[in-house]
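Participant: My questions all concern the structure below.
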Amino acid sequence: RWIKFEEKVEEDGERWSMPHIPVLRLHSLFQLRTCLQKGTVLLDLEALSFKEIVDKALSGQPEEAELQPELKVQLAALLLRQPRHQPSTSLLQRLAQLSTSPCRGRPGAWLAEGGSEPPAQLSATPLKEQLRNQFQKKIPPGAEAAHVAVGEVEFLEKPFAAFIRLRRGVALGSLAEVALPSRFLFILLGPQAKGNTYHEVGRAMATLLTDELFQRVAWQAEHREDLITGMEVFLDELAVLPPGKWDPSAHIPPQSCLLSPRRRTTMHPPDRQSQHNGDMAAAADRAGLGCLDSREELERTGRLFGGLLRDIRRKMPWYRSDFSDALHPQCLSAVLYIYLVTVTNAITFGGMLGEATANMQGVLESFLGTAFAGSIFCLFSGQPLTILSSTGPVLVFERLLFSFSQDHGLDYLEFRLWIGLWVAFFGLVLVATEASHLVRYFTRFTEEGFCALISLIFIHDALKKMWSLADTFPINWQYRLDDVTSYNCICNLSSPGPKVSVCDLSSLPALSLQPPAALAGLSRTQCLGQGGHLLGTSCHYVPDITLISFLLFGGTFLSCAALKRFRSSRYFPVGVRNLVSDFAIILAILASCAVDATLGLETPKLLVPSELKPTNPMRGWIVLPFGANPWWVCLVSALPAVLVTILIFMDQQITAVILNRREYKLQKGAGFHLDLLCVSLLMVVTSATGLPWYVSATVISLAHMESLRKESTISAPGEHPKFLGIREQRLTGLAVFILTGLSVFMAPVLKHIPMPVLYGVFLHMGVAALNSIQV
């Protein structure tokens, strides 16, 4: 049987083989061409049953190949018998059949004559076995069947060949393995002693009918010559393997990347005209996958705020579906995954901001700012799949601005407020003049260079944080197992009795050599050699915080990668594989947390602020625009604001271009002008409240989109699931940022998550983002 690739029955007819690329004999293709040239060819045949098809095929033979009437009767009776198919059974059904040993014929072969039972006739309605066949789940919707019947019979002296195309798909009762409408039929029956030859010709016909280019020919052919021409094109692309250099019985597995029919036409043009058409098609492909030159979102209107108004009109019809489309289990997995990443990112950047600004902005400000800015952006932006976050370039500017303010005696928060107001004003000017039009000049190299930089920063930060654990929790290289008696461990030479703990648990992490007690002057080997036993909790203690942290870090990273690829695994049903792949990150985090909780070691945990008050007690929640700095600061602030505007514009728009590429198959359109407006207005609020500035985070946004990938649930055997697009909605991002704001009240739960586990997720995000770029 074939859908995309060939499957054979193996192990004495008990199971189907793995899907593989069919290997054909060259001579069988030539014989098939002869059958099409000399046999019966009926195109657009009107028939409602298989009996009617057989009758018309037998009566439509060429005069030179016409059979005798009695042979036609025998042949019709043979073709109308019920074929035996190899059923696709589940494991439970196979176990249930172990108690019986039914007699099986060859799959697809007709019952032999002379049996004890009369031969069964073809049923006009589908059988129960057809309707219950599990193979039906592998067939894509809208598929039609093609039947290839080949074999040898005693009463024929010359072969009978017929190729039939029905005008419309017809259900042919119990003929097919599954209940499908049928469109094509090929019959080849001939004298005995050539059964293997007929079999190879039938395989060649089936392989042709699964070829996408020949399918078009078979659908559109008006004459016999059209079919032969299509076969000649197939032969032009054929590659021959020399005998003796490979094993013909070996199954060649399907490749993951195959040429599209359009590229095949371009590479193997049958004539000059088709070559020209193929070049034009290839050029169209390149134009579609290239830059955003033809995108309607980036065309200038020539009016003030014209691009913004167009973005709003484009996104308004989708606003209701932006919430209803989120009602899917995959969105729950995305929320939990991106939430943990966002919380870790907020803590990381909040800590670095606190160090750079003397706690004028700290972890709590990072949490509140992320929750507020992210929620507003998800509700009103043009591309709600974007995740806002503090970024490295903004952090560098904050550090330089704080140093400049300290050196010149200026109030940092007030100076920063005016810079933010100017940035918001410049952002409005850019939106009004449709400056996002310049995005179309960003090349793929620019986008991927930026994406690679941010991805490498994530990878570097994850490894750097883990390396710092070796300084915080140093490994005790001087620890010797034979000297455990020196670490508050007593050797008791008396008979075993009640054990008394002589070691304080709080002193275990900082082990130090102490003078041996009077009863513990022997080493571990000497103590056990004299029949003593060891007493004390430090007798089996090893300071391994750093080691287990690195194991959790590496285990989380490998688990995320392995479970994410579980969708293409051979184990478990498709639904289970998809569920595990969708919740891969969460399952990896839960597994690592369970290992950490089981061992009970004091690994560094996630620390979340538990009080709603500014990190620096010298500041409040509202920043006043005047009073602390000279009046001219509000004017001078425009100069650094220009630099910040360029930084925000480039960071925001390059990320937007990456997220809105055509290969992600987004259906609801982008909103470059609307996104920039939201970021500009948020600058006003975050500057007035002393919260961090936010812009699109490339790596986290790519991880968000990756967690919302849609793939086909039905794929042919051997075929990889097809990428259908991204689940576009606003609810996952909104839920992530609301949970981030509520994290202050969830500190008792979050404190059980080890930081090395989250660093492992960071590493996975960086590596996954690197894998998504062509460079």
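Cβ coordinates come from backbone N, Cα and C, glycine included.
Below, the features straight out of TrEMBL:
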DOMAIN    1-91  domain 'Band 3 cytoplasmic'
DOMAIN    124-248  domain 'Band 3 cytoplasmic'
DOMAIN    303-774  domain 'Bicarbonate transporter-like transmembrane'
TRANSMEM  334-354  transmembrane segment
TRANSMEM  366-395  transmembrane segment
TRANSMEM  415-433  transmembrane segment
TRANSMEM  445-463  transmembrane segment
TRANSMEM  545-563  transmembrane segment
TRANSMEM  583-601  transmembrane segment
TRANSMEM  621-649  transmembrane segment
TRANSMEM  670-695  transmembrane segment
TRANSMEM  731-750  transmembrane segment
TRANSMEM  757-774  transmembrane segment
Participant: Mean pLDDT for the domain 'Band 3 cytoplasmic' (124-248), rounded to an integer?
Facilitator: 86
Participant: Looking only at the recorded stretches 334-354, 366-395, 545-563, 670-695, which one has the largest tally of CB-CB distances under 8 Å to the transmembrane segment (415-433)?
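Facilitator: Per the Cβ under 8 Å count, 670-695.
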Participant: Please give the sequence-distant neighbours of the transmembrane segment (731-750): residues at least 6 beyond its ends with Cβ less than 8 Å from one of its Cβ atoms.
Facilitator: 322-323, 326, 331, 334-335, 338-339, 342-343, 346, 364, 367-368, 370-375, 377-379, 384-387, 606-612, 704, 708
Participant: Please give the sequence-distant neighbours of the transmembrane segment (583-601): residues at least 6 beyond its ends with Cβ less than 8 Å from one of its Cβ atoms.
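Facilitator: For the transmembrane segment (583-601), the far contacts come to 333, 336-337, 340, 544-545, 548, 552, 555-556, 559-560, 563-564, 566, 707, 752-754, 757-758, 760-761, 764.
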Participant: Mind checking how the domain 'Band 3 cytoplasmic' (1-91) divides into helix, strand and coil residues in DSSP?
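Facilitator: Counts, helix then strand then coil: 38 helix, 15 strand, 38 coil.
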Participant: Please work out the helix, strand and coil residue numbers for the domain 'Band 3 cytoplasmic' (124-248) from the DSSP assignment.
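Facilitator: Across the domain 'Band 3 cytoplasmic' (124-248), DSSP assigns the residues as follows: 47 helix, 30 strand, 48 coil.
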